[in-house]
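Please find one structure pasted underneath; my questions will follow.
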Amino acid sequence: MGPERLWFETRSVPMGDQLHGTLSTVLSAVITVMMAIVMFSMGCTVDARKLWGHLKRPWGIIIGFLCQFGLMPLIAFLLALAFDVLPVQAIVIIIMGCCPGGSGSNIICYWLDGDMDLSISMTACSSILALGMMPLCLLIYTTVWTSGGTITVPYDTMCITLASLLIPIAAGMIAKTKFPNFAKKILKIGSIFGFLLIVIIAVVGGVLYQSSWEIDPTLWIIGSIYPFIGFGLGFLLAWFVGQPLYRCRTIALETGIQNASLCSTIVQLSFSPEELELMFAFPLIYSIFQIVAAILAVGAFFSFVPVRLSFPPVSAAQRGSPSRTRENAVFPRSRHTVKMAPLSPPPAGPRQSALPLFCNSDYGDKL
């Protein structure tokens with residue numbers, strides 16, 4: 001008998017088995033319904049034409065994909081190995097790393113003056129691709145802990161959960177196209193439900209799995225540094241391949257901000273109560289520190305660029321417009337009007353491009 005199983009058997013659930021089972025079933029049903037509403041509202045943010053435009057020039061999507069399903073699961077695997085956590089804890093860390101981007105990244109992207117269209121497109125694409133990529137990444141990275149047979153990953157439950165979430169995303173995209181006014185109202189409801197979902201998971205989960213917060217400090221350390229590593233490496237990879245800075249910020253956000261609610265839903269529906277005692281708290285820990293990382297990023301951004309946010313975000317069409325003036329290119333949301341002459345037309349003759357690798361034509365257009 002392994003030490004993990006012995007540890008499980010020495011723990012007791014602090015309430016009657018029948019009541020515990022009822023509450024667990026209710027929690028599973030509630031978070032499933034609320035998660036579907038949140039994903040529907042996320043689908044309502046996706047403009048099919050803008051998404052298609054990014055798919056036709058997919059460098060941002062591709063880089064985000066590499067960060068989301070390449071970097072993040074690998075980082076989770078290395079952190080679990082480095083801190084020598086229990087097998088069930090290693091699995092929940094890797095599940096967190098394999099999750100798609102969270103819708104909260106779209107809000108932070110606005111405050112960081114990023115590419116909103118790219119942020120929404122990356123969130124939608126990663127949520128759709130997660131159906132295949134999450135089981136694949138888990139199969140690759142959890143073999144170290146599952147090969148002994150002490151714990152198994154329920155791929156069938158996970159795939160059913162992910163597939164069922166594609167329906168509300170598609171329905172939201174249709175609603176955005178057919179009923180735009182209705183979609184705007186759903187966005188507000190979805191934001192409220194997203195916040196309530198985290199609160200319900202924390203409160204009810206804390207009652208059901210009271211000992212889940214009595215965990216080894218290493219899980220807190222991993223949860224605190226993991227989002228910052230994701231932010232940093234996502235930004236560096238986007239910068240390395242020549243993306244402009246506003247897209248680097250966007251890709252960094254989409255890399256570091258994970259869908260913690262989806263992770264909690266998968267964990268709640270897929271594992272036994274004994275295993276949940278050890279793994280339920282980690283998605284909440286990660287959610288706390290990814291919010292902290294996002295707030296620090298916004299604070300640092302405003303410290304370096306203090307005069308902003310008087311004008312609405314600049315669209316991709318405006319970025320590529322030759323009629324834009326120099327002050328709009330450098331200070332797209334400046335609170336003060338800077339009177340400067342329009343940019344001079346390019347000299348006649350063949351154009352010598354000095355754009356970095358994978359960079360779109362609007363490179364250098366704005367910080």
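Backbone N, Cα and C define each Cβ position, glycine as well.
Found this in TrEMBL, in case it helps:
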- 20-40: transmembrane segment (TRANSMEM)
- 61-83: transmembrane segment (TRANSMEM)
- 89-112: transmembrane segment (TRANSMEM)
- 119-141: transmembrane segment (TRANSMEM)
- 153-174: transmembrane segment (TRANSMEM)
- 186-208: transmembrane segment (TRANSMEM)
- 220-241: transmembrane segment (TRANSMEM)
- 278-305: transmembrane segment (TRANSMEM)
- 338-367: region 'Disordered' (REGION)
Any contact between the transmembrane segment (20-40) and the transmembrane segment (186-208)? By contact I mean 3+ C-beta pairs closer than 8 Å, pairs at least 6 apart along the chain.
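They are in contact.
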Among 89-112, 119-141, 153-174, 220-241, 278-305, which stretch has the most Cβ pairs under 8 Å to the transmembrane segment (186-208)?
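That would be 278-305.
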Would you kindly check 61-83, 89-112, 119-141 and say which stretch has the most C-beta pairs under 8 angstroms to the transmembrane segment (278-305)?
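It is 89-112 that shares the most Cβ pairs under 8 Å with the transmembrane segment (278-305).
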Cβ under 8 Å to the transmembrane segment (61-83), counting only same-chain residues 6 or more beyond its ends: which ones?
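Non-local partners: 54-55, 89-90, 93-94, 96-98, 100-101, 118, 121-122, 125-126, 129, 133, 137, 140-141, 144, 218, 221-222, 225-226, 229-230, 233-234, 237-238, 241, 243, 251, 254-255, 258, 358.
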